[in-house]
Amino acid sequence: MDEAKRMEEGLNTPHNDYHKGELKQEIEKINGEGDSIEHDRDTRTTQEGESVQQIVEQEQPLVKQKTRRVATLDAFRGLTIVLMVLVDDAGGAYPRIDHSPWNGCTLADFVMPFFLFIVGVAIALALKRIPKVKYAVKKIILRTLKLLFWGILLQGGYSHAPDDLSYGVDMRFIRWCGILQRIALVYCVVALIETYTTKLRPSTLKPGHLSIFTAYRWQWLGGFVAFVIYMVTIFSLYVPDWSFVDYNSDKPKRYTVECGMRGHLGPACNAVGYVDRQVWGVNHLYSQPVWTRLKACTLSSPAEGPLRKNAPAWCRAPFEPEGFLSSVLAILSGTIGIHYGHVLIHFKGHFERLKQWLSMGFVLLTLGLILHFTDAIPINKQLYSFSYVCFTAGAAGIVFSVFYLLIDVWGLRTPFLFLEWIGMNAMLVFVMAAQGIFAAFVNGWYYKDPDNSLVYWIQNHVFTNVWHSERLGTLLYVIFAEITFWGVVAGILHKLGIYWKL
């Protein structure tokens, strides 16, 4: 999950810590790309960011001027990782922050588009100059393959962390899609467009409010093509009846879902699910979709609970939230992110940057809300609907702008160092904390019973029993034993110059 490097590169404050030869070490963070940028005013010229992907990282000569790393990029990436850990591990205790069962948007639903947004920002900075296109393309493809490998390994069913100490996956049920796989697709498409259009980029913008859009028309064309493919498919593709076998019950049982329609945006008969069933096969989709928390499926809604006796058949069916068609429209999230990176590159004044970012952020946010509340296109993370793209991208742009103002303009960097450290080692924290690999390692050292490990002891005796509340204990455990712990580890690793790069 490379989370693109510090929210756009807007730096305004000196970061001696980072630059002075360390620039190269600014890591890639799951989907992050780097870095530093040129600033107008006096000595604000900084080296263009080395990207997380390091695509060009070793190709570009260091500029002689003093360079500074944009703190906002890492802080934004760190925020996204923190949100992921929080909602994944505390969402069960607090369903209101967990993914929305269908239409709507909760805290958890901002994580994926925030990742893709910052990936786009990082790509713009990392590929600002491309001395050798073939070399850059090679690095992009290699990094894409690495993301796909880690995605399948961590979320394909091979890893059962953190609670199950076994490992391995039945290839009949391996899950091909996931978070890193979607990031890989978006990164690959957006980065390749940016690379192949390098000779078409202007060094300076022409006068006019839309010049920043026309200058990068090929990037926007790529996003528009993704939009058209998604919209045409989801509203015109015929979805026939389909069946599946429920392997989660005591005895495998086959169910049939009656459809025979087009343009349906509900759980049972949407084109997103149909495409995934045809491309991957129904047994290779996510077996525990969040729609099981809908009122139609359980009386415990919005929390998890046993299915109703008369629950519709589709409540038991698998569904892929990071599927093929929804990932196509996710390219638009990356395109919006790369636009923010282009603004950072071409507009040197803080006011101009913030004006561009905030105006676009509020327009997208408003458009998403209008589409949702008029029932034209509901905000839906599972379908990755167009209104969802607009709403979450607008929110990302606004949060990014606020971070930039606080950190790189006003120089309030200290309160955000914690997020910066996590953002600079995002892949490490994602794997160890969000995917539970470290907790699984600790759980492997138990006494007499697998439930009698250090992790469980801390959960029960330090948090749950002390506060006499499982919900509050879970939340505090996640905040202190996971987020705070890994923030400190990331800070130590940063001081040692150790980063996990892809």
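Numbering starts at 1 and runs along the chain as it is shown here.
Placement of Cβ uses the backbone N, Cα and C atoms for every residue, glycine included.
Nobody curates TrEMBL annotations by hand; they come from automatic prediction.
Annotated features, as they stand in TrEMBL:
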- 16-47: compositional bias 'Basic and acidic residues' (COMPBIAS)
- 69-197: domain 'Heparan-alpha-glucosaminide N-acetyltransferase catalytic' (DOMAIN)
- 1-52: region 'Disordered' (REGION)
- 70-87: transmembrane segment (TRANSMEM)
- 107-128: transmembrane segment (TRANSMEM)
- 140-161: transmembrane segment (TRANSMEM)
- 173-197: transmembrane segment (TRANSMEM)
- 218-239: transmembrane segment (TRANSMEM)
- 324-345: transmembrane segment (TRANSMEM)
- 357-374: transmembrane segment (TRANSMEM)
- 386-407: transmembrane segment (TRANSMEM)
- 428-447: transmembrane segment (TRANSMEM)
- 474-493: transmembrane segment (TRANSMEM)
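The transmembrane segment (386-407) makes contact with the transmembrane segment (324-345): 3 or more of their CB pairs lie within 8 A, with pairs spaced 6 or more apart in sequence.
Same-chain neighbours of the transmembrane segment (324-345): 4, 8-10, 37-38, 48, 70, 112-113, 116-125, 128, 177, 181-182, 185-187, 189-190, 194, 212-213, 215-216, 219-220, 222-223, 226-227, 229-230, 233-234, 271-272, 275-276, 279-280, 353, 356-357, 360, 364, 382-386, 389, 392-393, 396-397, 400, counting only residues six or more beyond its ends whose CB sits under 8 Å from a CB of the stretch. In the domain 'Heparan-alpha-glucosaminide N-acetyltransferase catalytic' (69-197), helix, strand and coil residues by DSSP number 84 helix, 4 strand, 41 coil.
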